[in-house]
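Student: So Swiss-Prot says this about it:
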| type | residues | note |
| --- | --- | --- |
| REGION | 1-27 | region 'Disordered' |
| COMPBIAS | 1-13 | compositional bias 'Low complexity' |
| DOMAIN | 217-399 | domain 'GAF' |
| BINDING | Cys322 | phytochromobilin binding site |
| DOMAIN | 624-694 | domain 'PAS 1' |
| DOMAIN | 757-831 | domain 'PAS 2' |
| DOMAIN | 908-1127 | domain 'Histidine kinase' |
Amino acid sequence: MSTSRPSQSSSNSRRSRHSARMAQATVDAKIHATFEESGSSFDYSSSVRVSGTADGVNQPRSDKVTTAYLRGKMIQPFGCLLAIDEKNHMQTCKVIAYSENEPEMLTMVSHAVPSVGDHPALGIGTDIKTLFTAPSVSGLQKALGCADVSLLNPILVHCKTSGKPFYAIVHRVTGSLIVDFEPVKPYEVPMTAAGALQSYKLAAKAITRLQSLPSGNMERLCDTMVQEVFELTGYDRVMAYKFHEDDHGEVIREITKPCLEPYLGLHYPATDIPQASRFLFRKNKVRMIVDCHAKHVRVLQDEKLQFDLILCGSTLRAPHSCHAQYMANMDSIASLVLAVVVNDNEEDGDTDAVQPQKTERLWGLVVCHNTTPRFVPFPLRYAREFLPQVFADHVHKEIELEYQIIEKNILHHPGHLLCMLMRDAPLGIASESPNIMDLVKCDGAALIYRNKVWRLGVTPSEPQIREIALWLSEYHMDSTSFSTDSLFDAGFPSALSLGDVVCGMASVRVTAKDMVFWFRSHTAAEIRWGGAKHEAGEKDDSRRMHPRSSFKAFLEVVKARSLPWKEYEMDAIHSLQIILRNAFKEDTESLDLNAKAINTRLRDLKIEGINDLKIERMQELEAVTSEIVRLDYTATVPILAVDVDGLVNGWNIKIAELTGLPIGEATGKHLLTLVEDSSTDRVKKMLNLALLGEEEKNVQFEIKTLGSKMDSGPISLVVNRCASRDLRDNVVGVCFVAHDITAQKNVMDKFIRIEGDYKAIVQNRNPLIPPIFGTDEFGWCCEWNPAMMKLTGWKREEVMDKMLLGEIFGTQMAACRLKNQEAFVNLGVVLNKAMTGSETEKVPFGFFARNGKYVECLLSVSKKLDVEGLVTGVFCFLQLASPELQQALHIQRLSEQTASKRLNALSYMKRQIRNPLCGIVFSRKMLEGTDLGTEQKQLLRTSAQCQQQLSKILDDSDLDTIIDGYLDLEMAEFTLHEVLVTSLSQVMEKSNGKSIRIVNDVAGHIMMETLYGDSLRLQQVLADFLLISINFTPNGGQVVVAGSLTKEQLGKSVHLVKLELSITHGGSGVPEVLLNQMFGNNGLESEEGISLLIRAKLLKLMNGDVRYLREAGKSAFILSAELAAAHNLKA
C-alpha cells in the first residue's frame, strides 16, 4: 500500500486505511478461492506477492467468491449445532437447521440395544423442547427471552433420553437463533450458573496480576499476559501478535514448552490473517480449533428458507482448509485465539453526549498452539475472554501513554529547530549538531541550497538527489511537502536504481529551488526474526504455507518499502519548513565580538526587567492569595491545610463547625493527632505522597470531634488533596478539600450491622439513603432501592431478575448504558472482586440514565454473606456529588466547552489566514522582480514589514508567555524610519475615515538612526497605540508623534540607546477602565484592554515602559524602550 501523499489529515488517513482493508478483504477471498481450486499445487509465496497489488485486474471473478468465503456450512465435530426459527421461538422452538452429528450426540442413549421410543426423531421442524429435560427447557427459554441472548451463556442442559450434560451457547443471526451444544466432559464439574460473574472466578488470579502491574512498560504487560495464558490454558505455545498500521503482523512475545521452534520476532503478511477473520475476532473474541485434522461436519438447513444461515458467530465453526493446512505444516494440531480489541479513537468526547460510542480496532491476538488435539470447555474459554478484555484496557492505556510521550517529544522540536538555526543559518541545519537528521528518525538527509547539495548519512548520490528534486518539481509542484514509504510506488522513474539503500522519503520545498530531504531504507533492514536458524544445507519450500514462508513473503513485500512517516514527524518537518522560509530570505552577516557584548548586556537588562516584572507579579499574587484564603475560610465545604511537617496551618469555618475545634486551637497541631486511630496509616501515606507532589482524589478518613461535638462521634470525610508549592515549585504543604459523608457512612454502617433487617433501610425513601442495588451470586439483580429508581428512571420491577452485567449495565441495549467497553469491563472486575471476597475500594463510575443524562458518581461494593459466612451476592452503593458541587462542575464543563470552541475557532482562523498571507508574500516577491520606481519600492517594503508583523502575531499561540515575560525577542538592525512608516500605514485608513491629521514630529536624524533590536515587536506596539489614540480622538482632530533618543556608552564603541516616543491626541482621552486593564489592574479585559496589556508587556521585555498623561484638552502615551546603536557595531 503506497502512502505517497503530499499531506493528509488523520481522518483522511483513517478512511484510507478502511478503504484499503475493504479492498484487501476481496483479495483475501480470491486467494481462498484459488487455494480451493489449486489443492496441493497452491503456491503460497506467489499468492502473497500478487495480493500486494490489489487493483482492478486482480479482483475476484464474482461476488459469489466472496460470499462463499464468508459463509461456511461446516462445523468442528467436538459439538453439534441447532438453528431455531426466531419467529415464535418462545412457543414452538422449531428446528430449521441442524448438524449431521446432532442425532448421534443429543438423542442416542448409552445402552447397546436401543428400545423403541428411546429417542425422539430429530429433523427439520422438530421442537427442541422434546429433546431436553424440563429444567433445561426452562433455562433455555429464559435465555431466549433476553434481548441479548448471549448474556446467559453457557446454559447447562441435559438430554431427555441419555441424561448427558451439554453446554448450550446461544447467539442470534438474521432470521434465526443458533445454539451450539458442547459436551460436558466427565472430569468437569458442571457450571450451573450462567454469565460472566462465574466465569470471572476462573481467571481472577491472572486478572489481579495484570491489574497490579505498573504503567509505562508495554513489554512487561505483554510478557505477563502471555505467561498467565500459558499457565491458565496448558497449551504448548502461547504467542502475542501485534498488528501494525499496514495490517501485517508481528510476534512480539512468546513462551513455549521445551524443544519447540521459537517464532519470536516473526513478521507475516496481512493476508495470513484475512480481513474477514479479523472482523470475526472483533465480534467473537475467543476462537478454538480442537483438531485441524478432524473431519468437518455438515450443517443441513430447511430448503424452504429464503436465506443462507451464517455460522460466523458459532463456537463450532470449522476452520478454512487453507488455515488447517497452515497449522498442520507448523506441527500445530489445536489452537486457541484470544482477540485484543482496543478503542480506535483517542478522545472520549463529551460525557453528556447521547451516543458517545467509540470505534474499535483489533490491536492484536494472543494465540495458543498445541501439538496434540486439545479441548477447552466453554466456561474456561469465557474466562479467557474476560482476561484479554482487561489486557486490552491496559494496552489502550499504554497506547495513550505512548501518545503523551510523543506529544512531549514534539514539544522539544522547536528547541531542536532553534539550535539548528542559531549557528550559521541556514547551512547550520546540515553542518552542525544537532542537525536535520536529529529532527525525525531517518537513515540520511540532504539539503539543496543555492544549487549546492549537502548530504548526511545514507542518501542517494548527488545526481540522484538532483533527479528527485527535478521529479518533484515536475509532478508535485502544487505541494510544498511530500512523503512516501516507497519511491517506487510513488512513481519515481529511477526508484529501482536506488536499490535497497533508499525506499522512503520526506521532503519540503523552502523556496522555488531550495529543498530539504529525509531518507529511509527499506523496512526489512530493521527487522530480525528471533526464530530458529537454518541448519547447514537446509532450505525452505516457498510454495508451502509455513511461518518461515510467511516471514520470507513479508520481507519480499516490504523490500522496497520503508517505515511509514508518522503524522507527528511530518508536523516537525513542516515546522522546520516554516522557520527556514524566513531564514532563507537573506544571509545575514555574522556579528563581531562587540555584537556579542551587546547581546550579553541586553540579556542582562532583560533579566533585570523580568525580575522587576516578577516582583510586580508577586504583589499581584499576594493579593490573589489573600482573596483565595478568604474564600477558603468562608467556604461551605470543609477545607484544611498542613505544612511540610504535617502541622495544621489552614482550618476553615466549616471544618471547625463539624469537629468542634476552633481555628485558633487547630492551628499548629499535627494532623495525625486530629484523626481517628483507624485512619492514621491512611492519612500518613496520603501526606507522604502529597509531599512528593503526587495528587490523589477521593481519599476517605475519619477525624475526631472535640468540645461540644465530642459526643456526636467522628466525622467521615472524602477528600481531594493537592500539594501547595512556592515560586520555585517546591512543595511547601498540602491542602485538603473535603466532602462530609458522615450521614451516608452512618447509614451504610448501620446497614452492615443490621443486615437481617436491611429492607427497612434500603427501601426507605429518606434522602440520606444513598442509591443501592445488588445482585445474587449468579449476577441477577436482586435489589434496586427508591433512590436508585429516582436516579436512573428505571422502576424496581423493570430491572429485578435481570442480568446486572449486560441487561442493566452494558454498552449496547442495556437499561443504563455505559460509556464504553472499558467501563463495562471495569464494573465487572469490581463486582467480581467483591464476589470472591476481596476488599474493594471506591471507584469512579458513570452511566446514562433513562432520560439520557450522564450520571457520574463513586461506586462502593460490599459482599453479602449468609449465616454460614458464604458469599451470596453483593450490594453496591453509589455516592453522588452535592447539588452545589454538581452545579459547579456543570458550569466548569460549560466554561471548558466554550473555551475549547473559541480555541478551535481561533486555530481555524489562524490556519485560514496563513494561505492568503503566503499568496500576498508571493505576489510581493513577483513585484520586486519588476521595474519599479523609488516610491513603489518603498510601498513594497512597507507591505513586507506588515506581512512579517502579521506572521509574527499568528505565531503568538501562548499569550501567557508574553504576559509572564518569557518571550524571546528577535534582534536585527533597523531604522526608526522603517518602523514608524509601517506603523503609520496601518492606521491611515482609520484616520482618513475620521478626518484626523497625523503629524510626524520626530527629528530626521532620529528617524535615520540605525538601531539594533526587535523591530517587528516595536512596530506592533507602536501601531496599536496609534490605533487606540485615533479611536479616542474626535473627528477632525490631530495626532502628533514625537520622539527623543539618548545614548549611553558601553565600552569603547558600543552605545545603549534609550528611545522615547510620545503619541499625543485630542479629546477626553482613553477611558480609565481601559487604562486599568493595560496596567493589569482589572481582570475582566476587553479586546482593546488585552491588546493594550500585551503591548505594555512587550515594552517591558525591551526594558521599557508605557505611561499615560492627561492635560486640558489633550492626552498622550509616552512609550520608552532600550535598544542598541547598530552603526557602532561595525566600527
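Backbone N, Cα and C atoms are what each Cβ position is placed from, and that goes for glycine too.
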Student: For the residue listed as 'phytochromobilin binding site', what is the tally of other C-beta atoms lying within 10 angstroms of its C-beta?
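Tutor: Its Cβ shell of radius 10 Å holds 19 other Cβ atoms.
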Student: Over the domain 'PAS 2' (757-831), what does the predicted model average in pLDDT?
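Tutor: So the average pLDDT across the domain 'PAS 2' (757-831) works out to 83.
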Student: When the domain 'PAS 1' (624-694) is classified with DSSP, how many of its residues are helical, how many are strand and how many are coil?
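Tutor: Once the DSSP states are binned, the domain 'PAS 1' (624-694) shows 40 helix, 12 strand, 19 coil.
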Student: Mind checking how the domain 'PAS 2' (757-831) divides into helix, strand and coil residues in DSSP?
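Tutor: Taking the domain 'PAS 2' (757-831) as a whole: 28 helix, 16 strand, 31 coil.
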Student: According to DSSP, which of helix, strand or coil covers the residue listed as 'phytochromobilin binding site'?
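Tutor: Looking at the DSSP assignment, the residue listed as 'phytochromobilin binding site' belongs to a helix.
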